[in-house]
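Novice: For reference, the structure I am asking about is given below.
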Amino acid sequence: MTKNSIHWFRKGLRLHDNPALLEAVRDSDTVRCVYFLDPWFAGSSNLGVNRWRFLLQCLEDLDASLRKLNSRLFVIRGQPANIFPRLFKDWNTSQLTFECDSEPFGKERDAAIKKLATEAGVEVISRISHTLYDLDKIIELNGGHPPLTFKHFQTLVGSMPPPDAPVGALSRASMGRCVTPVSDNHRDKYGVPLLEELGFDTEGLAPAVWPGGESEALTRIERQLGPDLSTAWQVNFESTRKTASPLLPSPLGLSPYLRFGCLSCRLFYSKLAELYKKVKTNGSPPISLYDKLLWREFFYTAATNNPRFDKMDGNPICIRIPWDRNAEALAKWAEAKTGFPWIDAIMTQLRQEGWIHHLARHAVACFLTRGDLWISWEEGMKVFEELLLDADWSVNAGSWLCHSCSSFFQQFFHCYCPVGFGRKIDPEGDFVRHYLPVLKDMPDKYIYDPWNAPIEVQRAAKCVVGVDYPKPMVNHAEASRLNIERMRQMYQQLSRYRGLSLLAAVPTSPIEDLNAVASPSTGRKQSGLNSHHGRSRVNVNGEEQLGLSGVRPRPGPTCTQSCGMAHAEQAGSSNQQLCRTRCAHEFAVPHYPGHLARGGTGKRGRESEQEQEVGSDFPAPAFKVQRHHQHVSQGSGVNICVYILFSKVDVMYLG
Amino acid sequence: MKRVKGDEDACSSSSEGPTESCKKVRKLQPSKEKHQEEEEETDVDLCEFGFDWALLPQEILLNIFQFLPLLDRAYASQVCRGWNQAFHMPELWRCFEFELNQPASSYLKATHPDLIKQIIKRHSNHLQYVSFKVDSSTESAEAACDILSQLVNCSLKTLGLISTARPSFMELPKSHFISALTVVFVNSKSLSSLKIDDTPVDDPSLKVLVANNSDTLRMLKMSSCPHVSPAGILCVADQCHGLRELALNYHLLSDELLLALSSEKHVHLEHLRIDVVSENPGQHFHTIRKSSWDAMLRHSPKFNLVMYFFLYEDEFGPFFREEVPITHLYFGRSVSKDVLGRVGLHCPRLVELVVCANGLRPLDEELIRIAKRCTQLSAIGLGECEVSCSAFVEFVKMCGRRLSQLSIMEEVLIPDHKYNLDEIHWEVSKHLGRVWFPDMMPTW
């Protein structure tokens, strides 16, 4: 019986360290490597031209490498679920192999294909090679939940056996007797399409700063971690402070190649370890050596079981922050027209070339969200998804969650200044001049804040602010004042911290925080700052409630006790706690005011309510519910409940 | 609860014995699965003890309802008449947060307009603790004012106007805002807390506040209210002797204000928060006399002085020249080495220090001086700053375990001959007596 394999490429666009691909050729008679591309989808997708170009170059390179092994890449137009059944039949397939995809939608898609394959009698083999570790194992080790702080993640991973070594590349030897049947019209039927065929206008498109493909990736890693140890050391382990060059695209940069899997993360990992051992002969490398790779791993782990990882609504690890919707401001940011040269230069670089340095990412992300514009991180994430070559669903969303302080328990006190931060990294402003030629004659002194240059200076530089270059779109001092206050309120509410300290408002870890809430008398906040001023921060004696954050009416002893119970009860909902920003805000409102008064007023109140008739003067939204309940209780109260249901039902997470 | 909900008759008809109604439940829901059967068993057990949810006394219901969010209370209120009545108990309507958002400007849902109508109609006299969360649109701010102006028959204890995005109250016509706000001032007469940051409140409206609520006012937060003058806030301080917490911008702070707050008739001040914001570059800031701060401190020795600075480096001239009783200090923008040096000299009461950014030179000596002189310092945060690892270790060693909050971005620490980044976390953890790591941002 012949054994015919299909290897399905998605990410992992490489022949080296590709265990699933090796499975495909092992003891097989034929192998066909396929990649699905939906031309219709291409035109309408929100990926920018740079990302498509990078992908097509990867596919070209893959095809070229396969040719050297007398094989070819089959680029198939259409959707896998529609086309696989036919391929299985036409090619008499016995086995399908692919690299594991850890992302929720990928897992869903793969499960569906697996089902189709099994129905067609095709065996499915998948192997983990896009991540260093088996993410499920990390989650298992952490008691079933993904770790929510990077340090915790590092610790967990440090306690695990090191990642598997990379496997050998596909070669003539590993192919053995396995061949690829190629027809004469392969190019027409299965060739890699051109950008034009996907509907992109390529006229005036500058050459790629980041050429795609496995060959390029291997050249880069060789150059970066090759014979010249000092460069390698500098690139990987030394801090990048005070040199302008890291902002510019480096011929050693690897992140887009990791994203598309042109480069195996395990190969990168093993090369780093090798280098470390060469330079420092004593001891084994610390886990922090691999930080860059581990951040990626961290986000994959956090996202793998969370299909709403890229959303604020319904995402259990995301704090609900009342971001502003402002299409105009968003467009200014995305199109590099903020009037802040540092921000605009970065966004120009992103649009033109598809990659920006991680400090630059911090800068523009902070500016869009909690720093200045107070626009949702989801909007920024979408722009990155379109433009950023290395934007992966998990990594992109995870980074934005971090930058906007929406998750992972970040310190929110620190906003990157859109003027000072750039000046600090690149004092002469060469980076800005490179991407914003309009500012090339602006003196160094004003390159980051041209609006402060005297008008003569602006004229001499042929760049008058408001004419040749936009005025700054926000007053950073004012915006950051407002925003830091807003973040403080959000975090105080979250941590139930009522003191004055800005730093103490950030819960250090989710579990600890929830425990603290659950048992107020032993909460960690108790021994904190304010005790210096004779005020305990925990709700123990009711006295503490007089804080700058709010004068709350002094409750009697029963109230204090019940408040504690209330907290415990709410903490029971675990992660969902994070979404619940609805509970009384930090300002001056008792959580459970009903405790405060008993007797007289209550009864009178009830009587007066019964007198009141709430009749049919309601317009029509809620009818089904209303009708349904009319026979239940004719009392006057039905309607009000119905309206609450209607106004709240879609913000409900707990039900 | 779910089970009872299944049969409303059983609940509302109290003439029927509890056991009977339970039997009815059983008949109506023939159980097939095993676990369901078990549930039924429990039901019967409860009933045999004479238990009927509908007979829960109102006090107990109230107690339970207090722990439920509004939506759950609304669901529960549909169970039976008794629960429906409980839903409307005034105790449950003392506190309400109006969320006013427009779909075009916010990601969050708004409080339903019909619910608002109902509350105004049926529960406005019960409201005591009210806040408005308003998004960045003018319509939302207007809606808040409309509600405010209808709160004529209520007596509020606290009122908060909270802009969750841009300060939209500032975009309202001043007179419109003022007339709505004064409705509450005039009618409430027992306001104790008022949070009106970023609003167009003005001197005359503060006079109305004072005229009606001077005995009860304990907290006033009004940062960034540009229409208030130093004289306007002085009037509040002169009349409201119970004022314990005050938040305002630096331009309203005066020697007279501090003296008024430390007059004999005045209670001890607990918190004073000052925001120092530069409206235009090169702005000149006035100074506060040391004698005024001293008077304040004599009168309220335990008061917290919280100052937030959002200034350019060259605007710090008048600050920290003499001793200031600051306890919590936040530098939201770049601050020079020189100013931080002055902080070390002149802020003996400092408890928390946060520096978002400083210039290009390391802050070694400044931090060590702060550790030496600010003996109550227990929290510090550093963003875009630089400190050598050995100076930082020295700083932590001097402060020791009183540093309960230590939030340092990893990039801040510059490795030197003594420590690299891997070693520093051990060293610092050792001196703190707990595990400590620098803060990290993704390098991705």
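Glycine residues also receive a Cβ, built from the backbone N, Cα and C atoms like all the rest.
TrEMBL entries are annotated by machine, without manual review.
TrEMBL lists these features:
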DOMAIN    A:3-132  domain 'Photolyase/cryptochrome alpha/beta'
SITE      A:Trp323  site 'Electron transfer via tryptophanyl radical'
SITE      A:Trp377  site 'Electron transfer via tryptophanyl radical'
BINDING   A:Asp390, A:Ala391, A:Asp392  FAD binding site
SITE      A:Trp400  site 'Electron transfer via tryptophanyl radical'
COMPBIAS  A:518-530  compositional bias 'Polar residues'
Novice: Given recorded positions A:Trp323, A:Trp377, A:Asp392, which are under 8 Å from chain B when comparing Cβ atoms?
Specialist: A:Trp323
Novice: By a simple count, how many Cβ atoms lie within 10 Å of the Cβ of A:Ala391 (FAD binding site), its own Cβ left out?
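Specialist: There are 24 such Cβ atoms around A:Ala391 (FAD binding site).
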Novice: Could you break down the residues of the domain 'Photolyase/cryptochrome alpha/beta' (A:3-132) into DSSP helix, strand and coil, giving a count for each?
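Specialist: Split by secondary structure, the domain 'Photolyase/cryptochrome alpha/beta' (A:3-132) comes out as 60 helix, 29 strand, 41 coil.
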Novice: Please name which of the recorded positions listed here, A:Trp323, A:Asp390, A:Ala391, A:Asp392, A:Trp400, is nearest in space to A:Trp377 (site 'Electron transfer via tryptophanyl radical'), Cα against Cα.
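Specialist: Result for A:Trp377 (site 'Electron transfer via tryptophanyl radical'): the nearest of the recorded positions is A:Trp400.
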Novice: What whole-number Å value do you get for the CA-CA distance of A:Asp390 (FAD binding site) and A:Trp400 (site 'Electron transfer via tryptophanyl radical')?
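Specialist: Spelling it out, the Cα of A:Asp390 (FAD binding site) and the Cα of A:Trp400 (site 'Electron transfer via tryptophanyl radical') are 14 Å apart.
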Novice: Please report the Cα separation of A:Ala391 (FAD binding site) and A:Trp400 (site 'Electron transfer via tryptophanyl radical') in Å, rounded to an integer.
Specialist: 11
Novice: Do you know offhand how many angstrom separate A:Asp392 (FAD binding site) and A:Trp323 (site 'Electron transfer via tryptophanyl radical') by C-alpha?
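Specialist: Checking the Cα atoms of A:Asp392 (FAD binding site) and A:Trp323 (site 'Electron transfer via tryptophanyl radical') gives a distance of 24 Å.
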Novice: Give me the non-local Cβ neighbours of A:Trp400 (site 'Electron transfer via tryptophanyl radical'): same chain, 6+ apart in sequence, Cβ-Cβ under 8 Å, ordered along the sequence.
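Specialist: Once residues fewer than 6 apart are set aside, A:Trp400 (site 'Electron transfer via tryptophanyl radical') is near A:Ala365, A:Thr369, A:Trp377, A:Glu378, A:Gly380, A:Met381, A:Phe384, A:Ser406.
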Novice: Taking the Cβ of A:Asp392 (FAD binding site) as the centre, count every other Cβ atom within 10 Å, in any protein chain shown.
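Specialist: I count 23 other Cβ atoms within 10 Å of it.
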Novice: What is the set of residues, excluding A:Asp390, A:Ala391, A:Asp392, whose C-beta falls within 8 angstroms of the centroid of the C-beta atoms at the FAD site?
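Specialist: Counting only non-site residues, the set is A:Ser255, A:Pro256, A:Arg259, A:Phe384, A:Glu385, A:Leu388, A:Leu389, A:Val395, A:Asn396.
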Novice: Since the record lists A:Trp323, A:Trp377, A:Asp390 as recorded positions, which of them has the fewest other Cβ atoms within 10 Å of its Cβ?
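Specialist: Result for the recorded positions A:Trp323, A:Trp377, A:Asp390: minimum number of other Cβ atoms within 10 Å at A:Asp390.
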